[in-house]
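Asker: Questions regarding the structure given below will be posed in turn.
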């Protein structure tokens, strides 16, 4: 990329900066949840909603981000994304109640939903096609560093300052990024078709209401009748979307996508698989602090091996899938992740803390292999005219399933324990043990879906063709 103009290189730095902000925020909060609960006077069992409110908002807003960028311009939308994300961070730091914090996190989610996809679109527009891969590698590298720094930085700030600082650090960075975007980024626009507002609203209502019903089934004071009503509204909204999208060329997501068998299997497996694996980043630091008595900083440091394992496997995952095939790799990694989850719980409860970094490193390797394989299986056989729509739907499903996973983890903690748990007590460890066993079972279930993937020994080379759009 050395032959690119200076202005283009600065624009790539701005996009990389946005990727870093968004990826850092997805992990920095996890280690702070117990301290947030204590400060806000809430049970730690309710704090999963701090993650869910952000991730669910991202899932809901993702389908609109690309259309908005084409309609209004990439600079305007990227600037708006940074401003909303920064304002959300400020309101998070100022929150005095859990409900205020959840609303502020939702505002952050609106910004986060636009930041990454619009950043990808910007790179596509400002960089020559032959240099696209090199440019994307450059701008996504900070996005890989964010998860590495996030847990430890979050723990450090909580332990030596307060949880408010995990949000306050975004403010000066966001101001600089917003100013740089206005000064340096071009405002590309494109001819757009009419936005499928009806489909967008139906999907948004369906996802939000069903997640709320799932969370409301334990400990929120919702009556059974209210929960049944929420479920009914959510199901009706999704059914109406299917009817709306049938034979509708302007639908948000075409139902023609599901004519491709690998897409249908990959999407179903990704949805189920990320429900299970989405529990782990939330549960691990909470378990280390509340279940085992680790300090926030120590718990954050323990997450680094998992990220390193994940980054290490990205270099060889293509060769692994080409050698063994999607079906074998996905079934093996799904069952393997379930076993590693049990191994983590066992070694932790036995007090073998020196083994935990190695177990978490292994967990990161297995999880990364499964994620990359799920993404590429889902997209690799789609025709070119459906590839963009399929990638957008996969991105939305990824975020939705992660929010559902965190919600289920919170429900399991509430099911097996009381609303008030004490740090490092025998009862609390029993609660976490039952929760961890349930998680391992849920993580293993998608193996039944992946076992239906057809043998594809001659199609695995396609993984490299679609990998770019899936990341």
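In case you wondered, yes, glycine gets a Cβ from its N, Cα and C as well.
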Asker: When the topology given in Swiss-Prot is taken at face value, are residue 98 and residue 196 found on one and the same side of the membrane?
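Answerer: For residue 98 and residue 196, the topology recorded in Swiss-Prot gives opposite membrane sides.
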Asker: Looking at the candidate ranges 321-341, 342-362, report the one that Swiss-Prot labels transmembrane segment.
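Answerer: From Swiss-Prot, the annotated transmembrane segment range turns out to be 342-362.
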Asker: Of the ranges 286-306, 370-390, which one does Swiss-Prot list as transmembrane segment?
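Answerer: Of 286-306, 370-390, Swiss-Prot gives transmembrane segment for 286-306.
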Asker: If you count every Cβ pair below 8 Å, which range out of 12-32, 77-97, 197-217 shares the most with the transmembrane segment (165-185)?
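Answerer: Per the Cβ count, the answer is 77-97.
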Asker: Residue list, the transmembrane segment (342-362) vs rest of chain: Cβ under 8 Å, 6 or more residues beyond ends.
Answerer: 284, 287-288, 291-292, 302-303, 305-306, 308-309, 429, 432-433, 436-437, 440
Asker: Helix, strand, coil residue numbers for the topological domain 'Cytoplasmic' (33-48) per DSSP?
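Answerer: Helix, strand and coil residues of the topological domain 'Cytoplasmic' (33-48) number 12 helix, 0 strand, 4 coil.
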Asker: Counting CB pairs under 8 Å, which listed stretch among 12-32, 49-69, 77-97, 138-158, 286-306 touches the transmembrane segment (197-217) the most?
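Answerer: Between the candidates 12-32, 49-69, 77-97, 138-158, 286-306, the best contact partner of the transmembrane segment (197-217) is 49-69.
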Asker: Does the transmembrane segment (77-97) come close to the transmembrane segment (286-306), meaning at least 3 CB pairs under 8 Å for residues 6 or more apart?
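Answerer: They are not in contact.
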Asker: Six or more residues beyond either end and a Cβ under 8 Å away: which residues meet both conditions relative to the topological domain 'Cytoplasmic' (98-101)?
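Answerer: Distant Cβ neighbours of the topological domain 'Cytoplasmic' (98-101) are 36, 40, 42, 46-47, 49-50, 91-92.
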Asker: Looking at 12-32, 77-97, 102-124, 431-451, which one has the highest count of Cβ pairs under 8 angstroms to the transmembrane segment (138-158)?
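Answerer: Most Cβ pairs under 8 Å with the transmembrane segment (138-158) come from 12-32.
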